[in-house]
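Have a look at the structure below before the remarks.
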Amino acid sequence: MALVEILSLCMYVEKKPEAQAKEGEVRLAGSKTSSEGRVEIYHDGTWGTVCDDGWDLAEAQVVCRQLRFLGAKSAVNGGTYGEGSGPIWLDEVNCNGTESDLSTCVFKDWAVTDCTHKEDAGVVCKSSDTDMNISDTGYMLDHSLALSEELGQVFDSGDGCDFQIVVQSTTGNKQLDGTLETVQTTICAHKMILSRFPLFNTSEENTISVHVSLSCQPYFTSFIRYIYTRKADVTFSSAQCLHQMASKFGVKQLMEDTGRLFSKFLPQDVTFHTPVSLYEYSVETGDFLLKENCLQYMAWNYQNLTQSPAWSHLSVKLLGALLSRSDLVVSDEYFLLVSLEEWISQRGNLISLESQADLLKLIRFPMIPAEKLYELQFNSTLYNAHQDVYGSNILKAFQFNVLLFSTLKNNPVFKKDEDDYQARIYTATPWAATIDRSAVNPYRHLRQKSFSTPVHNSLIFKTNVIQWEANIFMSQSDCSNRGVRCESFPTARLTAQNSLRQYQSSIRFSNQLLLRCQGKYICQVQDFKNDLSHISTNGSQGLPYPCPDGQYDYQFVVIPNYI
């Protein structure tokens, strides 16, 4: 096929760039029919999905009218139109049915959800054709795969190319005239194909110079070829370079997909240099999703991080971001304080007293076990240098441990929404129990564990004990024997064996299930809904951080907080 024919075909096949979506805009996806599909909503620069909890015809009416349809025929539960990607923006949406936009209905808050993409909501809208009972069946002719291969051949051959890309990199070596040595290579491409991306149209000239790092120069040809074919082989070595190029030139799909691949690479580096460097890179490029991906992995595996070569080189900003998180997984809050004190001591005068104090204020002193609080003034290496910080926070912690909630909440100093009073994910006894990989053993007793915890972290509840039973169900018969309905396997269950009714007005349990891959790193943290947690696997909706062969230890963590 001649180049002119292929390029002409591109003009018909390739969609025009979509106009920038507006905040709160909705669309339907996952269906070949425009009037039905998975509901997606645009927020904070990103498309995300809606959970089907509470989803009914009232919400569907709002979506369909917002999309200029006549109304809704039905509300569709999750999974019908496939699983979406990205954030789940809305959960427990409650509309009257008269609202003009879905985002004006009542919902929890943006991205506050306990759902997975298996629960993505959908709608079937009424169209004018449907109301007139006109049947207009459409058929898809898809020859796009052949087009991709042919465009790849055009790029490889260079036939008819009319646009020169000069790729330059400095080696760091000085030449005789004092300038840095430059290495360059030239790629011949087709301006029509590159014209969709503005940075390739900065001038009317047929040549453009591009500066990339020396380590990324070998991958620039693959990057340009991707623009032709929408295909690229990505390795650990090339991923960050391709992501950086895609970010610079606005190739959004490549940037997003390589960003997701980083999840596969993070657990491979036990030194933690990769997640740390990717975090710094995400801050530099403003990539929020990559930044959150790196922070989440380091928060879930904080104790491994403290024992890694990267630990002593963390920036104040990165450590502060980790200490601010409630999904930090540690044995207890005292461990967190000790690790921070050791980090500050190792850095010495490199960290200002003001920065030290700011980091210490991120420790949740009320969550430190009471028996450790008294010892701090004698054992802490930083107590004398920061007596004000330690003194005020230890006092706050003792008040939390000895005052009833009814008394504490009337104290103007107490703010129940303060992070200081919210437990993180503590894995030390008594708050956690583990069922190890032998849970897959057919002997059922190995998939069950009983343990007990106080009702709350406060010392006044120390003798108020709750008995818990943790189970891993591997089959429908396991679930049926306990009178439980399971949607998939394995499924975890964590139930209180004595009544919690007397505490329901003041204490809420936000229990978590941790999946620890081969006993090495935490690859998933998920909550319980009605005491059940359907466990993600490499082959289902996917784990945040993949685990070879699905070899998990299951750790059940009890997390009580004042309401």
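Cβ from N, Cα, C; glycine included.
Among C10, C115, C125, the cysteine that TrEMBL records as disulfide-bonded to C64 is C125.
Disulfide pairing as given by TrEMBL: among C51, C188, C216, C115 connects to C51. Ranked by CA distance from C105 (disulfide bond), the disulfide-bonded residues C64, C115, C125 have C64 at the top as the closest. In terms of C-alpha distance, the listed disulfide-bonded residues C64, C95, C125 place C95 closest to C51 (disulfide bond). Distance between Cα atoms for C125 (disulfide bond) and C95 (disulfide bond): 16 Å, as a whole number. C115 (disulfide bond) and C64 (disulfide bond) are 23 Å apart (CA-CA, integer value).
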